[in-house]
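Structure first, commentary second.
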Amino acid sequence: MLKDIFTKKKKYASVPSDQAKHDVPEGIMTKCPKCKKIMLTKELDKNMRVCMNCDYHFPMNAKQRIESLMDEQSFEEFNQGMLSENPLGFPGYLEKLEKDREKTSLNEAVVTGKGTIGGHPAVVAVMDSSFRMGSMGSVVGEKITLAIEKAKADKVPFIIFTASGGARMQEGVLSLMQMAKTSSALKLFSEEQGLIISVMTHPTTGGVSASFASLGDYNFAEPGALIGFAGRRIIEQTIGEKLPEDFQTAEFLLKHGQLDAVIHRDDMKKTLENLLDMHQTGGDIEWLQD
């Protein structure tokens, strides 16, 4: 019996090969960057891309955003055929645009259209950071301007969801010009008593944050969204000081009076419905402070 203990055959565990490790289809699981929990992507999508464990708000593409907000089958897109060119002859720019078109099934970094939210008509623009990081080039600026003009002509509110790394460097000063163009269009719309609602999502930075994203009658943001003009390290190096940990977050901006509210994605549609209803029928906004 004692002899058997020392002569017992060793057992070995089999280690999966590299090929076996890759048998899990890409994209079926998603890891939360905040709490590190791994979850099924389809379950995350069902939860409007909000982590079920820590409430982290993952980026949404334009299609997902529109489906989560607009009344069913009410959204009609316009100007979807507009395509960016390469006015400065920037090397490789057209190839990058084509690659993003194939990856996202979008022609540009913003989707614009008209539909209803809770039965209330509105023109909506939704930026998509998966296309050139949501950067603002000539076509993005033109589509947003045309959407504002459409809202003005139809006398309906204009709602924009921003997600952008800023102006598109491959278009140089032409992209920077979109800051003035979109801001001017919003000014003219506002003079006609048009309602402007801006919702800043992660990330909203650079020239976008410094122009139309901050010009709403109501400026909202999603929890944890990065919002700012220059990068954190650049600011610290310029002023020679360490910035607060929560600097440039939605919560920091709310605390310092630069936002009207930080709204959880679950509450976004109802909040917009209430606002649109209030501006159509009259009322107060005390509920927004709850």
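Residue numbering: from 1, along the chain as shown.
Cβ coordinates come from backbone N, Cα and C, glycine included.
Marked as Zn(2+) binding site by Swiss-Prot on the basis of sequence analysis: Cys32, Cys35, Cys51, Cys54. In three-state terms derived from DSSP, Cys51 (Zn(2+) binding site) belongs to neither a helical nor a strand segment and is classed as coil. In sequence order, Cys32, Lys34, Cys35, Lys37, Met39, Leu44, His57, Phe58 are the residues near Cys51 (Zn(2+) binding site), counting only same-chain partners six or more apart with C-beta under 8 A.
Swiss-Prot lists 28-290 with the feature domain 'CoA carboxyltransferase N-terminal', giving sequence analysis as the kind of evidence.
Per Swiss-Prot, the feature zinc finger maps to 32-54; the stated evidence is sequence analysis. Long-range contacts of the zinc finger (32-54) within its own chain (CB-CB distance under 8 A, at least 6 residues past either end) are made by residues 60, 64, 68, 224, 264-266.
The Zn(2+) site is set by Cys32, Cys35, Cys51, Cys54; from the centre of their CB atoms, other residues of the chain with a CB within 8 Å are Pro33, Lys34, Lys36, Lys37, Met52, Asn53, Asp55, Tyr56.
Cβ neighbours within 10 Å of Cys32 (Zn(2+) binding site), excluding its own Cβ and spanning all shown chains: 18. Classification of Cys35 (Zn(2+) binding site) by DSSP places it in coil, neither helical nor stranded. Listed in sequence order, Cys32, Lys34, Cys35, Lys37 are the same-chain residues at least 6 apart in sequence whose CB falls under 8 Å from the CB of Cys54 (Zn(2+) binding site).
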